[in-house]
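J.: The structure's right below; bear with me while I get my questions together.
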Amino acid sequence: MKYKDLRDFLTLLEQRGELKRIKQEIDPHLEMTEIADRTLRAGGPALLFENPKGFDIPVLCNLFGTPKRVAMGMGQEQVSALRDVGKLLAFLKEPEPPKGFKDFLSSIPQFKQVLNMPTKVLGKADCQQVVLKDEDVDLYKLPIMQCWKEDVAPLVTWGLTITKGPLKKRQNLGIYRQQLVAKNKLIMRWLSHRGGALDFQEWKETHPGEPFPVSVALGADPATILGAVTPVPDTLSEYAFAGLLRGTKTSVVKSVSNDLEVPASAEIVLEGYIDPNETALEGPYGDHTGYYNEQEYFPVFTVTHITMRKDPIYHSTYTGRPPDEPAVLGEALNEVFIPILQKQFPEIVDFYLPPEGCSYRLAVVTIKKQYAGHAKRVMMGVWSFLRQFMYTKFVIVCDDDVNARDWKDVIWAMTTRCDPARDLTLVENTPIDYLDFASPVAGLGSKMGIDATNKWPGETQREWGVPIKKDPDVVKRVDEIWDSLAIFENEP
């Protein structure tokens, strides 16, 4: 199922019982977070608050609050089908020429999908039905949520920030939280390695002192939203990837005040600039770690224009101790990562990012071990191959007889196959998430790899234990008589 815009997606969700309309008056200040948090933890539906207190614009929360809805947003019916999305990305990251005619025929579906990569530029679009500028720009009229009691101010959370480096051929889409500080100003919290920050740095070097154009889209179609959080290859734009997911080209329209192209179907678009000389102290905010973060200076985004539909929907979320929406997204996108990793490391059997690990801070990898030291190679590969894992603090590597998604299995492997002095790998002075206050220096800390694999000659001088295995004939015989034993039935 493909969706032309957010409303198309919401219609389907409502038909399937995956969307709940809240007609009571609910306050964007704290109350929406409490309701959304309870709903997400119970595996509940997306929420459309139709009567936000003090505002006349509905608020959409919990849109991707279950892995199933993430899969639906990517045009798939099952979470397991996201592996196919990962295979497509692996193909695009390192395409290989067909090995023969039969191989060419099998590649045709992938090449057909590539035809949907270019964007379709429109002359006018629904996202520009209403245009506000100059004194009419007032961000306080948007129902921007304040999520936690100690948050310093309301926070824009689901904005797709659109930038373009002056030396780059394509635009970048990224999602960065934005603190409301004035009727026309937001603090743009982007980390230095993210696409928007890199574009900004490039602009400052080539256009010193000049304002940097920025547009922010809220409420785009699900393929475009998810394209901004997926590990898209550097050579592929998020719009192009959204076209692949949707099966049709992404429709865009030029911003009214700059040359950046924004999703034509967006609900609301903020346009403006960042003055290279203007920064402000951001935070504190409760974030995906479950703690309030430190304050830090970031660039200020000055909004000069707001464009929107005549009856827009404001798309929002909250972040907090897992599970939250980012954790659910991470759980679903886990399936996308696996084929990409397997393309580079075919020995990987499974890869799992437990949601409790704040989406990316801990990874469990199972491999078909082939030689001594293999586990350490995989650890280093996980940390270096995709930038999504540059902040992963812990990597646990197990054999393929271990279920990476079962903590009981993983802990059994760690406690029986791992010697701390021999099998722990510590790497110091590596990039760490700025929100990780456990690191000794902001943005710089250590990583740990745990080799929980069976040890090969050269890794140990001792005879290695042989795992206990049941006799299959006995298992079959007991299966046949099991019901008649009535072990779990109460005696009369």
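Even glycines carry a Cβ here, placed using N, Cα and C.
According to Swiss-Prot, the protein carries these features:
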- Asp287: active site, proton donor (ACT_SITE)
- Asn172, Glu238: Mn(2+) binding site (BINDING)
- Ile175, Tyr176, Arg177, Arg189, Trp190, Leu191, Arg194, Gly195: prenylated FMN binding site (BINDING)
J.: For Glu238 (Mn(2+) binding site) and Gly195 (prenylated FMN binding site), what Cα-Cα distance in Å is obtained after rounding to a whole number?
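T.: With the alpha carbons as reference points, the distance is 11 Å.
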J.: Please report the three-state DSSP label of Trp190 (prenylated FMN binding site).
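T.: Coil, per DSSP.
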J.: Give me the largest Cα to Cα distance among Ile175, Tyr176, Arg177, Arg189, Trp190, Leu191, Arg194, Gly195, the residues the record lists as binding prenylated FMN, in Å as a whole number.
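T.: Binding-site diameter by Cα atoms for prenylated FMN: 14 Å.
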J.: Below 8 Å Cβ to Cβ and six or more residues apart, same chain only. Which residues does that give for Arg189 (prenylated FMN binding site)?
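T.: Expected: Tyr176, Arg177, Gln178, Gln179, Glu282, Gly283, Phe298.
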J.: Near Trp190 (prenylated FMN binding site), which residues of its own chain have a C-beta under 8 A away, given they sit six or more steps off in sequence?
T.: Thr161, Gly174, Tyr176, Gly196, Ala197, Phe200, Phe298, Pro299
J.: Distance between Ile175 (prenylated FMN binding site) and Asp287 (active site, proton donor) at the Cα atoms, whole Å?
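T.: Ile175 (prenylated FMN binding site) to Asp287 (active site, proton donor), Cα-Cα distance: 14 Å.
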J.: According to DSSP, which of helix, strand or coil covers Tyr176 (prenylated FMN binding site)?
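T.: Its secondary structure by DSSP: coil.
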J.: For the residue listed as 'active site, proton donor', list the number of other Cβ atoms lying within 10 Å of its Cβ atom.
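T.: Total other Cβ atoms inside 10 Å, all chains included: 24.
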J.: Within 10 Å of Asn172 (Mn(2+) binding site), Cα to Cα, which of the recorded positions Leu191, Gly195, Asp287 are there?
T.: Gly195
J.: Tell me, how many other CB atoms lie within 10 A of the CB of Tyr176 (prenylated FMN binding site), whichever protein chain they belong to?
T.: 22
J.: I need the CA-to-CA distance for Gly195 (prenylated FMN binding site) versus the residue listed as 'active site, proton donor', whole Å please.
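T.: Cα-Cα distance, Gly195 (prenylated FMN binding site) to the residue listed as 'active site, proton donor': 21 Å.
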J.: What does the structure give for the C-alpha distance between Arg194 (prenylated FMN binding site) and Asp287 (active site, proton donor)? Integer Å is fine.
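T.: Asp287 (active site, proton donor) has its Cα 18 Å from the Cα of Arg194 (prenylated FMN binding site).
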J.: Could you tell me the C-alpha distance between the residue listed as 'active site, proton donor' and Leu191 (prenylated FMN binding site) in angstrom, no decimals?
T.: 15
J.: Where among the binding-site residues Ile175, Leu191 do you find the Cβ with the fewest other Cβ atoms within 10 Å?
T.: Leu191
J.: How many other Cβ atoms sit within 10 Å of the Cβ of Arg177 (prenylated FMN binding site)?
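T.: A count of 20.
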J.: Among all protein chains shown, how many Cβ atoms are found within 10 Å of the Cβ of Gly195 (prenylated FMN binding site), not counting that one?
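T.: Within a 10 Å radius of the Cβ of Gly195 (prenylated FMN binding site) lie 23 other Cβ atoms.
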